[in-house]
Amino acid sequence: MESRPELEHRGGFDELVGKRGFVDIENSLEVHNLDSPGAREAERKYIWKLDLIILPTISALYFFEYIDRGNIANAKLYGLDNGHDTVKQGVGPGKNSLTSPQWQLSIMIFYIGLILFQVPGCIGYRVFPPSKWIAFGVCMWCVASSLQDVAFSQSGLLACRFFIGTFEGLFGTGIVYYLSLWYHRYELGLRVFWFLGPTAVAGAFGGLIAYGVGHIKTSTPNWKWLFLVEAVPGFVVGLFCLYWLPDRPTKNSRFKGAQQEIAVARYYRESFDKDGPIQWKHIRMTITDWRLYMQAAIYLTTAACLASISGFLPTIVQDLGYKSATSANLMTVPPYAVAFVLMFMISYSSDRCRDRGLHITGLMIVAAIAYVLLATLPQSQLHGKYACVVRQPLLLIIQLNTTSSNTPQCIAVACVYATYPPTHAWAANNLGNGTKRAIGLGMYTAIGNCGSVAGTYFYPSTEAPQFRKGHYLCFAMSLSTAVMAFTNHVLLGRINRARDERYGKGREGESVDVSEMADESLGFRFIT
């Protein structure tokens, strides 16, 4: 095998794989040339098979992760915070009802564990076989979630929430890195949607599941059933990953023959990145990269809004006039349903248009307007005609009906959630090689989730029923996200144009060598 030529660009992909020896060209059925008609059809079938293997599995896992993350908000409505004074319904987390600060701490502590273990979680995907790393993280967070049933004090509840965050950090942070091993940069946005889209579905189904669990009539309190019902299926799917998920394109047993050759060829087509050990110079490049911190700041402000939604939406809806716990949980479904549809539309569009920044900017401007409406609508409209919104869901997208206070709530939730996939895809797209993606995505999510910690304090119960403080804070976060996303879009575009003018534009099918210089390689172009 030849040593690596000291060139930034490869002169066409078939030359690259021939020199590197990754594909046996004589017996490869022409898959080394992915631009030929036969190879394109073979590649299309391979991608379809890859989608069927990976996407439903990680969607299911993140669905259960997000349910376990947010079910504490639904459990609160069934008496989790009521303490020992509800002895007929079981033992709560203390002798007395939790105060608002104690409840906020119970939600916030999850994010402390999540933040602390996100960088190690990403590194784990690079060091260990991803299928085993995923299974470990998933099974352990499900165990921690089910242990909330035996939390006899607030300390016990806090410990469970911390370890749920810890193991979710080991799993969830590196999934975008894992997807980047298998998919090209302009394929990643839609695939990240299928990973993150279940956050909206989980919000909707979490409310439906909680509604159903609320009708269980046993001596065991409903909130205990809720934790068990939502943890056990995730544990089973986690074990399934050991067999089902492929590890890396260059080392996997899920594809054979020509499809394995296509997997390797695609891996080296966009950027030439060796599977070598982590290098200290790449770590230094990562922690000194201003672009990483800009991406993290965009995620931080978005995460603050996301955390406030997942932690407090049932309570906010209850204060809109749906006083029973079952009704409040049920009425959280429409905002999440609309969010799921909008997430898909934006993810597809951002891939097709090859743009991330402008999509995020537009969404967060609309979200900011919706939050202003939520904060300024008079008290008389806080108990608006929610039934109209449920019977005519299209109005949530095409019309801002201010006679219903929950319509701007739906719009705010949908727009904030829809920024999630393009924001994560944007970060992964612009971290040039494997080490920078592994370290950088861990730092990006750790910094970003500091916003999640802040978001858990946006909606104290003392602000009910208007919650003006929380809505104004979310307005500020949304507007900040829009400004930073647009600024990043402009700055990255300038860098690309400067490289084009100095070094020339790359040709279709060329593979950029990022193994040494990562995204500082002369042929690398950022996605804006």
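Counting starts with 1 at the first residue shown.
Every residue, even glycine, has its Cβ placed from backbone N, Cα and C.
Bear in mind that the values here come from a model prediction, so they are computed numbers and not experimental data.
For reference, TrEMBL has these:
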- 105-127: transmembrane segment (TRANSMEM)
- 159-180: transmembrane segment (TRANSMEM)
- 192-213: transmembrane segment (TRANSMEM)
- 225-245: transmembrane segment (TRANSMEM)
- 296-316: transmembrane segment (TRANSMEM)
- 328-346: transmembrane segment (TRANSMEM)
- 358-377: transmembrane segment (TRANSMEM)
- 438-458: transmembrane segment (TRANSMEM)
- 470-492: transmembrane segment (TRANSMEM)
* To do: Please work out which recorded stretch in 159-180, 225-245, 470-492 has the most C-beta pairs separated by under 8 angstroms from the transmembrane segment (105-127)?
  => 159-180
* To do: May I ask you to check whether the transmembrane segment (358-377) and the transmembrane segment (159-180) make contact, with contact taken as at least three Cβ pairs under 8 Å and only pairs 6 or more apart in sequence counted?
  => no
* Using a Cβ-Cβ cut-off of under 8 Å, list the residues of the same chain that are 6+ residues beyond the ends of the transmembrane segment (225-245) and lie near it. => 53-54, 57, 60-61, 64-65, 67-68, 71, 74-75, 78, 130-132, 134-135, 137-139, 141-143, 145-146, 148-149, 206, 209-210, 213, 216, 218
* Cβ contacts under 8 Å made by the transmembrane segment (438-458) with residues that lie 6+ beyond its boundaries -> 104, 107-108, 111-112, 114-116, 118-123, 125-126, 173-174, 176-177, 278, 282-283, 286-287, 289, 292-293, 295-297, 299-308, 311-312, 427-428, 431, 469-470, 473-474, 477
